[in-house]
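What follows is a set of notes on a single structure, which appears directly below.
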Amino acid sequence: MKQYIFFLALIVLTATFAEAGKKTEILDKVKKVFSKAKDKVLAGVEDLNNMSELGCPFIDKWCEDHCDSKKLVGKCENFDCSCVKLGGK
């Protein structure tokens, strides 16, 4: 979410430079920076997806152990651990 706000702020700054009549060289440099940043973010998302496939069993086990210590049942979904009380007691 913070990344989207950052990119939105940079877009607003870019539009401000364009409205102020700055040279296109500045805009071209900013566009190149945005392009590189976008590529890095997309590469990071790809890496995170690859790591999540490997990390899920460890996180699931941690979640189960964490909730078991509270005498609850653990459910891990999208890296979010939820402890649920089963039964009527």
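Including glycine, each Cβ sits where the backbone N, Cα and C put it.
The disulfide bond recorded by Swiss-Prot for Cys63 joins it to Cys81 [selected from Cys56, Cys81].
Recorded disulfide link (Swiss-Prot): Cys67 to Cys83, out of the candidates Cys56, Cys83. Residue pair Cys81 (disulfide bond) / Cys67 (disulfide bond) shows a Cα separation of 9 Å. Mapped onto three states, the DSSP output places Cys67 (disulfide bond) in helix.
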